[in-house]
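Here the structure comes first, spelled out in structure tokens, and everything after it is commentary.
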Amino acid sequence: MMFSQRKKGVQITDQRVRLTTEVLQGIRLIKFYAWEDFYVHQIGSLRERELKAVRRVAFARSMLIALVTIVPVLASILSFITYALSGHELNVAIIFSSLQFFNIIRAPLVFFPLVVASCADAAVALGRISSFLTAEELAEPYTIDTESKLAIDVDGDFQWETAYKSDIGGKKFDTGKGKDHGNSGKGKGSEAASKAQSKDKVGKSAGKGGLFRKKKTDPVLPVTASAGDAKKADEKEKSEDKPFELRHLALKIPKGSFVAIVGRVGSGKSSLLQALIGEMRKTRGDCVFSSSVAYVPQSAWIMNATLRQNITFGQAEDDEKLHEIIKACCLQPDLEMLPQGEDTEIGEKGINLSGGQKARVSLARAAYSGADIVLMDDSLSAVDAYVGKSILENCLLNGPLADKTRVLVTHALHVLDKADYIYVMDNGVIAEQGTYQELMDDSVLFSRVMDEFGNMENTKDGEKEGEKDTKKTLDPAKDKLAKKSNLMQEEERLTGSVSNSVYTKYLRFAGGLIWAPTVLVMLTAYQGASVANNLFLGFWTSESIHGFTQGDYMGTYAALGVAMALFSFALSFTISLTSLAAGLRMFKASLRGVLRSAISFFDTTPMGRVMSRLSKDQDTVDTEISMTLFQLLQTFSSVLGTAALVFYTFPYLGIIFVPLSILYYLTAIYYRRSSVETKRLDSLMRSALYSSYSETLTGLSTVRAYREQDRFIHNAQVGLDWENRAYYMTTAIQRWLSVRLDFLGNLLILGIALFAAGFRKTVDPSKIGVVLSYTLSTDLVSTYAQNEQNFNAVERVLHYTELPAEGETTTLNDPPPSWPVIGAVEFRDVDLAYRPGLPLVLKGVSFEIKGGEKVGVVGRTGAGKSSLLQAIFRVVNVKNGSIVIDGHNIAEVGLHVLRSRLALVPQDSILFLGTLRENLDPQGTRTDAELIESLKRAWLLPRDGSVDPAAEAKFSLDASVTDEGSNYSAGEKQLLALCRALIKNSKIIVLDEATSNVDVETDAKLQRTIQTEFASSTLLCIAHRLNTIVYYDRVLVMDAGEVAEFDTPLNLFDKEDSIFRSLCNEAGLTRQDIVRIRSTFQHDS
């Protein structure tokens, strides 16, 4: 029972830990959507299910303790009966010498429940490790052939491991809606890779037939092998369970060429790069590179290290080369913003960098690697137009990557005429290919898109004002240089023994003293039965009870043994229930404390540290503390019983207790100081190890693409060694204590034995035997120390229950449910800093937006655009000034009320493991019809009555979403984020570069959707692509944290010295373009 229930419990624990991990990874989105309480409830529900299994394990363990308690008694009774019935005479010597042997058996039996529990944990762990070790390993990702005449030579088929299944296991959210889901379709070998970085693993393969065409062979241009009959591929099985695949992929890319890959959202562009680096399963063919490869993923992977370490990535450091690359990747102004320049810690997942900055660091890493082949997945979409242009000119076409083979996935049409060759992806096949001019002349898809949208992205050279304006923008941030501080805070570590307040708080979480009478009664009854059992032996051997036969003595002795077993069961199970009650309440309080903490907590705390406390430490609270508490109370009562028995039987023996008690106390003090500290060190090292593992798994595809597996394995081994050092010390000093306690115990027995020998004529041997049997089990110090070590876990979990909350979720001054009605937003002299001690990122910002007005926000890197978003949602509280929405100061509105009434479409959207329905509407507030309609309005499902089986399978409400939404492309995630905003139907909507990862055709459709669907709402759009906001009513230009300009697009453009005009010039956007775009949207509306 213990094994089976423990296995069930671990499975539920896995679900809880996985959901908790997802929530922490998506904490920003959860805060923006005010979903904290919902996820506290969902994780709490899993926690309650988990504790049901743990409770059954506790019941089985208590039964085992009762069995262990009764076995020595029954064994001795049966032995005595057998001995007496065989004609032998029972005397004191026989009985007590036999009892000592049975007590020798009792000592290891006491630990038997612990051993069984540990074996159950080990069996579950070994089974999981075995499944992992016997899983299919990832094949060699790609072959390097230095003799190859081509940089990249590919001819094959590739497939992802996971598919879009509707029927996927257990129910995740208790919303009353939706179907079950789980983790089916998990791949073997490369499944972790597909989770880590893939963005375009899209849908079911239902292409429209490959329009492959052979082009003229040119020695400097890529050519393709024969594609075969693509129609036959389309006519193959179209099962909904079939994972996305790239069919008949044929690439022959010469050395030194610049190749662009384009296509609609979800067409397989990112999958193509993932296939090249080996993250997709190769089902046919070969993939050969001529030299080393560098990979720039769409979502940049940033390590929790310094900016320099992120760029050099284990390579030998060359300052001259590093600075050249930093300049080419436009990172120099950003270094001036960082407190320690290139040696600044940039936080876990680059949390303290903007999306554009992370993309440039990732690109700089590829440039610094010296690889001859560089694969870039939409590296320019996250940066401002002028920055993207500079990177293109000074890094890709000239500079450090000029002579490399460059493959760029992009949506930026103005880049394409500079490419040597272009591939157009569509539904997993290369639909069209050729040079820019060939595609413009002959193609269908490419030329139509370029004709319709190409003039939105003119390639005119912009004025050179960008560089000096950038300096003007960033100079005020230079005061950060004087501030030397690490962004990641060191984990707090208490010193000394565990304080009494920890025990008090633990008792309070357990329900207070309500359990005390029951525990005290059970403990007294157990110890009373135990003392009576041993005293009765003296009466038995001296036959001092008149009228008792041998049968009466044996029956009474057995009855007292049964009573001991029953009371030990009751005591153990009561303590287990108390501990589980405390564990449940502590977990919910700590989880609530974490999720309601300010965003600065997550900026400065590695996720592995948080997960270590909410998983390993919480498991210690659940399973180990109840056992050690039971042992401590049992041993403490045994010591009291021993002392009482000795003083009752031989008062003179009390003299021995005085010096031995002093020695025990001194040993305990000395041991406690070391044992608790080593346990704390063990916990700290484990947190660091968890953080390192989590970070590496997130960036697996990048690590493998650079072939840096050995370095990361070595780092993991070093971290494990450090953690094992602390763990070994914890175990070693326990053995140190055992030796000394055994020595002191032997001294006590020696003293009693000498006393018995000296007074053998006057002392009753039966009483000496009783005392000796009790003194053999005095291990109070070790059990107390072990209990204190385990309470270190309580100490760590309790810390998160006391984290300061970012604000009240609701207040007495909250506006009515209809608020906001108009949607007017006003900033009044707002100052904002992200954390105390950091410089202001908003300085005296004042502006007013009328209800229903559409406002675009632009500015250079570090201008304060995203800080406006943080301020409106109160992710960071303003230092001075106020923000008023429809007459209400948002500082006086509850956070849950404020955020639930606003809508956000973020740049980096997050999806959670589950179904699409649960991701769109986790709280179950909308009908399926409303959800389907939102998918149509976001252009994810056909909206004109046409049929698209692939889209309908992929965007079915019951379609599965894998870890981190890795089976959807970045563009599709952005469209799903737009669906969330459509479902919310808020009066105020903030868009943070909401369409940066979609192609221009989809972008145009979405802009029309935004214009029509949010016609009556107030829109605040932060944008890098100027063409997406020039049709808005007004444009707000931020500069160095201040409002530099605020007027209509045309009025701002007409001012020759305006920042907006310089941004338009750099983006190649003319006045005629602005007029045309505005007239187009006004005509459509």
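Using the three backbone atoms N, Cα and C, a Cβ is placed for every residue, glycine included.
Database features (TrEMBL):
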type	residues	note
DOMAIN	1-121	domain 'ABC transmembrane type-1'
DOMAIN	231-452	domain 'ABC transporter'
DOMAIN	519-776	domain 'ABC transmembrane type-1'
DOMAIN	827-1065	domain 'ABC transporter'
REGION	175-214	region 'Disordered'
TRANSMEM	64-85	transmembrane segment
TRANSMEM	105-126	transmembrane segment
TRANSMEM	513-537	transmembrane segment
TRANSMEM	557-582	transmembrane segment
TRANSMEM	625-646	transmembrane segment
TRANSMEM	652-671	transmembrane segment
TRANSMEM	743-759	transmembrane segment
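Across the domain 'ABC transporter' (827-1065), mean pLDDT in this model comes to 87. Within the same chain, residues 51, 54-55, 58-59, 61-63, 65-67, 69-70, 73-74, 77, 506-507, 509-511, 515, 518-519, 522-523, 525-526, 529-530, 532-533, 536-537, 540, 621-622, 625-626, 629-630, 633-634 sit at least 6 positions outside the transmembrane segment (557-582) and bring their C-beta atoms closer than 8 Å to a C-beta of that stretch. Cβ atoms under 8 Å from those of the transmembrane segment (652-671) belong to residues 643, 646, 733, 736-737, 740-741, 744, 747-748, 751-752, 755, 771, 780-781, 784-785 of the same chain, restricted to positions at least 6 beyond its ends. Using DSSP to sort the residues of the domain 'ABC transmembrane type-1' (1-121) gives these counts of helix, strand and coil: 109 helix, 0 strand, 12 coil.
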